[in-house]
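Pulled from TrEMBL, these are the features on record:
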type: COMPBIAS; residues: 257-305; note: compositional bias 'Low complexity'
type: DOMAIN; residues: 23-231; note: domain 'Auxiliary Activity family 9 catalytic'
type: REGION; residues: 198-217; note: region 'Disordered'
type: REGION; residues: 257-318; note: region 'Disordered'
type: SIGNAL; residues: 1-22; note: signal peptide
Amino acid sequence: MRKILILFIFLSTLFLLSPVSAHGYLAQLTINGKSYTGNAPGAQPTSSVIRQVSDISPVKGASNPDLNCGLSAQFAADVADANPGDDLAFDWRGGDDQNWPHNTGPMLTYMTSCGSSSCTTYNSSSSKWFKIQQVARISTGGPWAQEAVMEGFPANVTLPSTLAPGNYLIRHEILGLQGAVSVGGAEFYPACSQIKVGGSQTGGPSEDELVLLPGAYSDTDPGIYDPNVYDPSASYTFPGPPVAAFAGGDASGTSVSGDASASASAAGSSSTGISGSGDFPSSSPSSNSPGSSGSSSSSSSSSSSNTQGVCKLQRRTTSSLASDVNSDLSYLVKVSNPHTHKRRRSILTGLFRDLALVYRGS
Ligand SMILES: [Cu+2]
């Protein structure tokens, strides 16, 4: 009987721990069919347009400096060419190239101007960002658009059709709200890509649509601390500023096409072409001091290192637990990767049922 109890405790622990260690990163960006590969966290960096982050773990805390572009984000060597109205596809992956592990929470897209020179050495830590798109549940009571990313589809975003030419960072962000029923439970996954927009449009945000990141969010914002996150009929309030008017305004946050199981193509495409107000800041922010050599990595806060420490600890705990288990259970470890939650859940449910029968029968 004691053996069964120990087994039961192990299984419960594995079940509780492993989703926590399931995180990920932006592995690829595709612009009008042309793909740019990102560097996995920790990998020797190769030329990319996606700024490499140091770990697949999330940024924790709305005021964490790494909210800017991800954990200790580094400058990338390349820039991707794009044009107003282009379709972008953000392909997020879990660690070990598994599917993205989460399906709860919105996805938001911001941009900022790198000024007159290329984004390759642009420090965005004090930059002013504007929002061009945001998606939540695909319909009232329906799944989150993020669900499609979990199923292996990229998240689709369309550049505003009137976007003025220039050097931009595009910041695609997934919010993991699976723990958002507690204050501080939200997981932030921002990823910055360096693009150069061509054309001769004149659109841009107005001054009051610009925000700092961190700065635009608070840990107690209704869309970040959300006790009703698992209630499908509950309304959701996006954090941060509204979608910039020239990018379609708030309408782009709710107009979605297709269901999440078929495509993550949520909104984006709804840039309505409202002509820009023309007061988009054309010079780079004064805080972007020419001598600043580091990216946001220099401002990596202790809280983010703690976050990574905790995540690594959790991974270690899970794997050492796994190595302790007897060989009969080794297949459980094999299916404990992030994108087989459902399958593992049903296997575990079956095992629990069997254990309960054994228990009752003994
Ligand atoms: Cu995660």
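Just so you know, glycine gets a Cβ as well, placed from its N, Cα and C.
Unlike curated entries, TrEMBL annotations are predicted automatically.
Note on the domain 'Auxiliary Activity family 9 catalytic' (23-231): mean pLDDT across this stretch is 98. For the region 'Disordered' (198-217), the DSSP-based tally of helix, strand and coil residues reads 3 helix, 2 strand, 15 coil.
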